[in-house]
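Colleague: Pasting a structure below so you can have a look.
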Amino acid sequence: RLFAQSLLSFLGFILLAIAVALALGGVFVILMYKNYRYLFQESFLFLPGWLSIAAALILLPTGVLAIFISAKSSRYQQGAFMYLLLVLLCLEISLAILAQFYSIWMASQLKSNMGLFVYEYNGMHSQVPGSRAVDEIQKKLQCCGVQNYTDWLKATAASWHLPGKKARVPESCCKEKYSDCRGDLDHLERIFQEGCLKKLEDWLHFIMLYVFWCCTVLSVLELLAGVSNGILMRHQPFRDLQIL
């Protein structure tokens, strides 16, 4: 019983710490969707982010209950703790599955939409959302094209290229230290040559893997907390409600 109390108290503090980590993961997912929303057609792709924040909010009182139960056992607190653990386990399993599924699905969305926006690019000062999104992404991630800068050579039929003009890349591909860069391919050292897709996919996989492992580790810790709480409940049974 003493070991169960000590373990439950320790797990209570760990659960509070992981709640913060899980909330951060949810914020990262939402921010990624917000920053690159033009690349995603479905508006519900931020769902894992909100589920992470919801799980973190439920996890806070769960961690506090674990600490209180270890100090002074209360049959009502023990029962509420078990119910919260059950809700959290269901939520985290769902979230872990969504994180894996969305990681693959969103990667395919990135590839198809980014390629389409590059082909339909309409100039640096275009008001078309897709063109603006391409420029914002290339500036923010310091990249050029989908796979690499040569993708712009395949988009020479786009309206921002005038017939007979030399192929070039958008000015958003230029490195900031070269103020006179106009996307001329004669000076490759002045432009970013790495593609944007790999950087976006790496960031996406990192966030989703972060959320997945947070949920996995959390589920294991919650099972340990449930076992510890069960041991304490065994020493203080519900004598007036034995049928439960």
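Cβ atoms are placed via backbone N, Cα and C, with glycine included.
According to TrEMBL, the protein carries these features:
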DISULFID  CYS143-CYS174  disulfide bond
TRANSMEM  7-33  transmembrane segment
TRANSMEM  45-69  transmembrane segment
TRANSMEM  81-105  transmembrane segment
TRANSMEM  207-232  transmembrane segment
Colleague: Same-chain Cβ contacts of the transmembrane segment (7-33) under 8 Å, 6 or more residues past its ends?
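Modeller: Cβ under 8 Å, 6 or more out: 40, 45-46, 48-53, 55-57, 59-60, 62-67, 69-71, 203-204, 207-208, 210-211, 214-215, 217-218, 221-222, 224-225, 228-229, 232.
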Colleague: Using a 10 Å radius around its CB, how many other CB atoms surround CYS143 (disulfide bond)?
Modeller: 22
